[in-house]
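What follows is one structure encoded as structure tokens, with my remarks underneath.
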Amino acid sequence: MPVQPASPVLTQRESVKPPLDSKIKLPLVLLVLDGWGIAPSSRGNAISIARTPNMDKLMQMYPTVAVQAAGEMVGLPWAEMGNSEVGHLNIGSGKIIYQNLPLINKAISDGTFFKNERFLNAIKAVKERGGKLHIMGMVSDGGIHSSQDHLFALLEMCRDNDLKDNVFIHGFLDGRDTEKNAALGFIAKLETKMHETGVGKIASLAGRFYAMDRDNHWDRIELAYQAICNGKSRDMTDSPLKAIEVSYAKNVFDEEFYPAVITSEQGQPVATVTDNDVIFFFNFRADRARELTKAFVLPGFSKFERGAGLNGLTFVCMTEYEKNLPVKVAFEPDTVKQPVARVVADAGWNQLHIAETEKYAHVTFFFNGGGEDQYPNEDRVLIQSPRVPSYDQTPAMSVVVLADRIVQELATKKYQFVVANFANADMVGHTGNLQAAIQAVEAADTAIGKVAEAVLKMNGTLVVTADHGNAEEMVNLQTGEIIKEHSTNAVPVIMANAELQQMRNMFPPILDGDLSRLQPSGVLSDVAPTVLSLLGLPVPSDMTSRSLLPR
């Protein structure tokens, strides 16, 4: 994401229009504390160790809840730690934005996968034309590029739609996101599934080194392509499992497995790709699926000699690998039509998006729903992050400068809405330096106090949340090892204004000041409808999450 330059100092200022409803307290500042999660006090919790009088005061005086910020609750695979991109996307969009793996898993579990028109129409075409269906992708449970469960669901779909013959599988072996020699188990499991469903024969195998290159090593892609499409390879075998065992005996494991063509008893390829055939590519991650896809579908492809051209080929990708490819896409990207920023812009209001370099893209591109557009009356300010080898050398990073700039912009009374990110708890947390992280948290708390004082003096509203956890979990309490990664912990949401202070008793108390005793009562995407409700703006139907305010 290229960083846009800081906005120039604004000279034309507009006064905030007073809201019609006196309960609406403007301006509203949404402050995202990067990497500020909730966990019990411990020797590895930089947040609980640090002195945070401003956050403590806000939590005691104003409604405070905990929300889930990891795993399926933000559209990630189960138990996967949250991250800044997904966090800001959820915060700004007002709905759970499912990433590819959980999106497809959910479709399988709720049955919509088996009603997918892209797949069903292609299966219908195979039956009507008398052609073949080729299902290709990585046969692995690594969960990074593909899922074996998705392949199995496709076999079940073929069975349920009476397509049992002429279904052929071209499997890619992993060995990178799995153990180096896990393919024997995966292929054996696939053969069991084919027997159960009565669908499919393995037609070729290739290591991901060949079939899933992403660095323009077209000589590798060519070997995989020739095996899949034309049934040509140095290695011809009548048994997939035997081919893998022979390769292992040569100390060539899954990732570098040389493309092999599976043959019939007569020694002929089990299947080749011919006119009017259909290909399903079930990898859900794009980067290592693009090259092989282009070799099949681009009319002017010239990276290697493909052989006889294919007429009437239907190619269905599991997800969008690249825009404008001549393919069908089974699961289109989840678009965000009306993020918070657009709703504010549609109201004719002024908004400011401000962060330091490390998180600038997050309060712009990701908060705006993954769109490049800058909305009307949306100003952006970039504060330069310190240029140091490691942020534990400057734990405050630019949080003080950032807070001062926010206060300065609020004083102009131009903006009805401000979204800001304080990056330092997360970025210093990633260094693994606990003492520096404690200093980072304390610096952030001081900055929070500055912003809170300015907002509340204006009779405005402050909403404080986080995109994911990090600084609260920096030591493995069992082993003593340093943790530098994000966590799966919940994060706080504090809603502060004069009206909300009177509602504090409607929310659970924070016993002994320990946020970790709060049960999560929502998810990160609930922040968006909460913010719009506090702004007095309509919550669009596209936002399927709910406000955290009492109904």
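Positions of Cβ are set from backbone N, Cα and C atoms, glycine also.
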TODO: Quick one: which of ARG208, ARG220 does TrEMBL put in the substrate site with HIS145, ARG176, ASP177, ARG214, ARG285, ALA286, ASP287, ARG288, LYS359?
DONE: ARG208
Task: Which of SER42, SER48, SER84, SER516 belongs with ASP34, ASP467, HIS468 in the Mn(2+) 2 site listed by TrEMBL - done: SER84
TODO: Check the Cα-Cα distances from ASP34 (Mn(2+) 2 binding site) to the binding-site residues HIS145, ARG214, HIS486 and tell me which is shortest.
DONE: HIS486
Open item on the list: Tell me the Cα distance separating ASP426 (Mn(2+) 1 binding site) from HIS145 (substrate binding site), rounded to the nearest angstrom.
Closed with: 27
TODO: Name the one residue among ALA286, ARG288, ASP426, HIS430 whose Cα is closest in three-dimensional space to that of HIS468 (Mn(2+) 2 binding site); these are the binding-site residues.
DONE: ASP426
Open item on the list: If you compare CA-to-CA distances from HIS430 (Mn(2+) 1 binding site) to each of the binding-site residues SER84, ASP177, ARG214, ARG288, which comes out shortest?
Closed with: SER84
Open item on the list: Need one number: mean pLDDT over the domain 'BPG-independent PGAM N-terminal' (104-323).
Closed with: 97
- [ ] Name, in the order they occur in the sequence, the residues of the same chain whose CB lies under 8 A from the CB of HIS486 (Mn(2+) 1 binding site) and which sit 6 or more residues away.
- [x] GLY35, ALA70, MET81, GLY82, ASN83, ASP426, HIS468, GLY469, ASN470
Open item on the list: Through the lens of DSSP with three states only, how would you label ASP426 (Mn(2+) 1 binding site)?
Closed with: helix
